[in-house]
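K.L.:
Here it is, the structure in full.
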Amino acid sequence: MTLAVNKKERAGVINPIFTCQPAGAEYATIGVKDCIPLVHGGQGCSMFVRLIFAQHLKENFDIASSSLHEASAVFGGMPRIEEGVKTLVARYPDLRLIPIITTCSTETIGDDVEGTINKVNKFLKKEYPNREVKLIPVHTPSYRGSQVTGYDAGVTSLITNLAKKGEPNGKLNIITGWVNPGDVTEVKHILSEMGVDANILLDTETFNAPTMPDKNSFTFGNTTIEDIAGSANAIGTIALCKYEGGNAAKFLQEQFDVPAIVGPTPIGIKNTDAWLQNIKKLTGKPIPESLVVERGKAIDSLADLAHMYFANKRVAIYGDPDLVIGLAEFCLEVELEPVLLLLGDDNQAASKDPRLAELAKRANHAEYDIDVIWNADLWELESRVKEKGDIDLILGHSKGRYIAIDNKIPMVRVGFPTFDRAGLWKNPVIGYRGAEWLGDAIANAMFADMEYKHDREWILNVW
């Protein structure tokens, strides 16, 4: 059969899959220690993003706003940047980095962010001679792209402005992309097992924050400014997600001769194998027996489920391109049929991704078609469910849950945001243990659906 890639036919958006660029840049920059991003736009551009971060991660984050109002939209909002930076520096004595994140309104009126940064830097040098607070621009016009584009812009801006050539440090850069804290923990685990000294860009493991006796309720990233500066001196860079850090990896290669490997996103057995081989290639470190055992456990667990429960089940997947394509590849490994892939970003490059060509080759040997829609929204999913009724399982974030509920289709929550199930951000989807968790989560969702519908639930008696 075939794989067809098409753009959403409607000009409008009904029930969007994603939010806008600034949200992605905000998620990237809060992964840096001693950093508070300043969102140059209306107050909602930070308030509602903080809300959705809190819903997903159940933590609080410091994200400032220049609180642009009507007068600033007419006369220019540069003074709001100045006031915002001065307030942050005065109130946070440990603050070392302030990314200035633009929005649709400030990009439209053409505020000179770089010029304002130069002006404020002179003020800071005079008023705070013993402090060094770096200001960097992050341009995220939210009338194009999505949170994926914004995350990539955020990481790229951090590295282009802070990376500094020095002595080789022997570290391996890992640009994680927009992943959960549980995924970062899994990345660190695998690197530790291989004995690799790594530079995690960006380390959000600390978003799984404890409640301490001092009642500190705010959460901070764990990547330091020095870590970002040292990325120029690494032995190599691996970007786990092509569209969420791939440009930063290419910049390090072009500007500082740091070898870069972009992808594949290590979801599933095959992609994790490739990731480990890439680590071995760049570092020379062997793959230890402990990871071979983890791989074997994952394969054993998935083999128990694949043919008996997963075979011929048709799956719809939506989310960011790297996650969706990675999940589709995983589905093929376990005999699930990914018949509908919805890429929420309007980046046309995703529609020409080489990984889709590989999926097309596999589709040629299958008995089903794979429909890929880029710049998609959740109405595409709802229409497919109602018109064809051929979806047995949905993989995606919580925004699509009502489609699953209304049409009585089992659903596994993956991606961002997931707020109607507890603790999912703690669980990895990458690596061998992530593959094992995905298999278990899919199976349990299907088992519960069988029980509620009284559909062959007797099979579970011997499970």
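Heads up, the Cβ atoms here are built off N, Cα and C, so glycines get one too.
On a predicted model such as this, the values are computed, not experimentally measured, just so you know.
The [8Fe-7S] cluster binding site annotation in Swiss-Prot covers CYS20, CYS45, CYS104, SER142, and the record cites similarity to another entry as its basis.
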K.L.:
In terms of DSSP three-state secondary structure, what is the assignment for CYS20 ([8Fe-7S] cluster binding site)?
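P.N.:
Its secondary structure by DSSP: coil.
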K.L.:
Quick check: in three-state DSSP terms, what is CYS104 ([8Fe-7S] cluster binding site)?
P.N.:
helix
K.L.:
Given the [8Fe-7S] cluster site residues CYS20, CYS45, CYS104, SER142, which other residues of that chain have a Cβ within 8 Å of the mean position of their Cβ atoms, reported in sequence order?
P.N.:
GLN21, PRO22, ALA23, GLY41, THR103, SER105, THR140, PRO141, TYR143
K.L.:
Taking 10 A as the limit, how many CB atoms besides its own sit near the CB of CYS20 ([8Fe-7S] cluster binding site)?
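P.N.:
Result for CYS20 ([8Fe-7S] cluster binding site): 22 other Cβ atoms within 10 Å.
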K.L.:
Run through the Cβ atoms and count how many others sit within 10 Å of the one on CYS104 ([8Fe-7S] cluster binding site).
P.N.:
18
K.L.:
Whose Cβ, among the binding-site residues CYS45, SER142, has more other Cβ atoms within 10 Å than any of the rest?
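P.N.:
The largest 10 Å Cβ neighbour count belongs to CYS45.
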K.L.:
Per DSSP, CYS45 ([8Fe-7S] cluster binding site) is which: helix, strand or coil?
P.N.:
helix
